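*Asks:* Dumping the structure here so I can ask a few things about it.
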Amino acid sequence: MAAAALREQLNALLSSMFSQGLVDEQFQQLQMLQDEGGTPGFVAEVVTLFCDDAERIIAEIATLLEQPIVNFDKVDAYVHQLKGSSASVGAQKVKFTCMQFRQLCQEKSRDGCLMALAVVRNDFYDLRNKFQTMLQVVPYLFFLVFDLQIITTYKVMIDNVCVSCNLKITTLVFLLLKFITRYIMARSYAGSF
């Protein structure tokens, strides 16, 4: 039940990200790679790297635009890098804003670049907040499914033990303690996200 509610919350978040134009089909491709490759943390790792990189690039651009004489070629290079990173993760809105930003760099308009930086920063922070929400939901969803698998496995084992009645109660208690230990470890791991 809880897993279904979290999955529904995640799907609603992803739908809103697509409908707002924050992400595009490239982001879907990343999700498909994760699902097909059996690598549960792939999207989280890519998104985290993108956010860290974008944060650094935006700070570099801001520093360059604060200089008395702006090196627009360098600003353009950073904006181009941000555009490429955005395209690779499917950050559609940031990518489009970077395309407009590059035009202002070519025009060597400091005021235009400062306004574009504010828009890029806003678009990025909006996307980053959505990504952070997504990354908070995904681990809990994974561990809820994991919890159900553990419970089912141990329930079958305990049912088999009780049916056969050949096992002492100490073995049954040991199995229960083992289950509880794994359950607590899984929960504490999920809480570290």
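Here, residue 1 is simply the first one shown, and the rest follow in order.
Each Cβ is built from the backbone N, Cα and C atoms, and glycine gets one as well.
Note that this is a predicted model, so its numbers are computed, not measured.
From TrEMBL, here are the annotated features:
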DOMAIN    39-138  domain 'HPt'
MOD_RES   His80  phosphohistidine
TRANSMEM  137-157  transmembrane segment
TRANSMEM  169-185  transmembrane segment
*Asks:* Over all shown protein chains, what is the count of other CB atoms within 10 A of the CB belonging to His80 (phosphohistidine)?
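*Replies:* For His80 (phosphohistidine), the 10 Å Cβ neighbour count is 16.
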*Asks:* Just to be sure I understand, if DSSP states are collapsed into helix, strand and coil, how many residues of the domain 'HPt' (39-138) fall in each?
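*Replies:* Split into helix, strand and coil, the domain 'HPt' (39-138) gives 87 helix, 0 strand, 13 coil.
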*Asks:* Where does the mean pLDDT land for the domain 'HPt' (39-138)?
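*Replies:* A mean pLDDT of 93 is what the model gives the domain 'HPt' (39-138).
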